[in-house]
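Participant: Below is one structure. I have some questions about it.
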Amino acid sequence: LTCKTCPFNTCANSETCPAGKNICYQKKWEEHRGERIERRCVANCPKLGSNDKSLLCCRRDDCN
């Protein structure tokens, strides 16, 4: 599985997920500097936090 890894809306960077991390993840939230994005490989889909705008977990290459 490969997942996107950059903190931008348009993301060309991907990484091959290590063993045990078979979910691609993307979280968006607002800060005083504007919208922030986190993308990576995870073992479990995290819960949506109170400050999060959106949360995406998926199991296809580069789906985040």
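One-based numbering along the chain as shown.
Positions of Cβ are set from backbone N, Cα and C atoms, glycine also.
So Swiss-Prot has the following annotated:
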DISULFID  Cys3-Cys24  disulfide bond
DISULFID  Cys6-Cys11  disulfide bond
DISULFID  Cys17-Cys41  disulfide bond
DISULFID  Cys45-Cys57  disulfide bond
DISULFID  Cys58-Cys63  disulfide bond
Participant: When a 10 Å sphere is centred on the Cβ of Cys57 (disulfide bond), how many other Cβ atoms does it contain?
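Facilitator: Summing over all protein chains shown, Cys57 (disulfide bond) has 15 other Cβ atoms within 10 Å.
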Participant: For the disulfide-bonded residues listed here, Cys6, Cys11, Cys24, Cys63, which shows the highest count of neighbouring CB atoms within 10 A?
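Facilitator: Checking each of Cys6, Cys11, Cys24, Cys63, the winner is Cys24.
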Participant: Far apart in sequence but close in space: which same-chain residues, 6 or more away, have a Cβ under 8 Å from Cys45 (disulfide bond)?
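Facilitator: Non-local contacts for Cys45 (disulfide bond): Ile23, Tyr25, Leu55, Cys57.
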Participant: Sort out for me which one of Cys3, Cys17 has the most neighbouring CB atoms within 10 A, since those are the disulfide-bonded residues we care about.
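Facilitator: Per the Cβ count within 10 Å, the most buried is Cys3.
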Participant: Cα of Cys3 (disulfide bond) to Cα of Cys58 (disulfide bond): how many Å, rounded?
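Facilitator: For Cys3 (disulfide bond) versus Cys58 (disulfide bond), the Cα atoms are 9 Å apart.
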Participant: Among the disulfide-bonded residues listed here, Cys41, Cys58, whose Cβ has the fewest other Cβ atoms inside 10 Å?
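Facilitator: It is Cys58 that, of the disulfide-bonded residues Cys41, Cys58, has the fewest other Cβ atoms within 10 Å.
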Participant: Taking each of Cys6, Cys11, Cys58, Cys63 in turn, which of these disulfide-bonded residues have a Cα lying within 10 angstroms of the Cα of Cys17 (disulfide bond)?
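Facilitator: Of everything listed, nothing lies within 10 Å of Cys17 (disulfide bond) (Cα to Cα).
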Participant: List only the single closest residue to Cys11 (disulfide bond), chosen from the disulfide-bonded residues Cys24, Cys41, Cys58, Cys63 by CA-CA distance.
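Facilitator: When the Cα distances are compared, Cys63 comes out closest.
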Participant: Give the distance between the Cα atoms of Cys24 (disulfide bond) and Cys41 (disulfide bond), rounded to the nearest whole Å.
Facilitator: 5
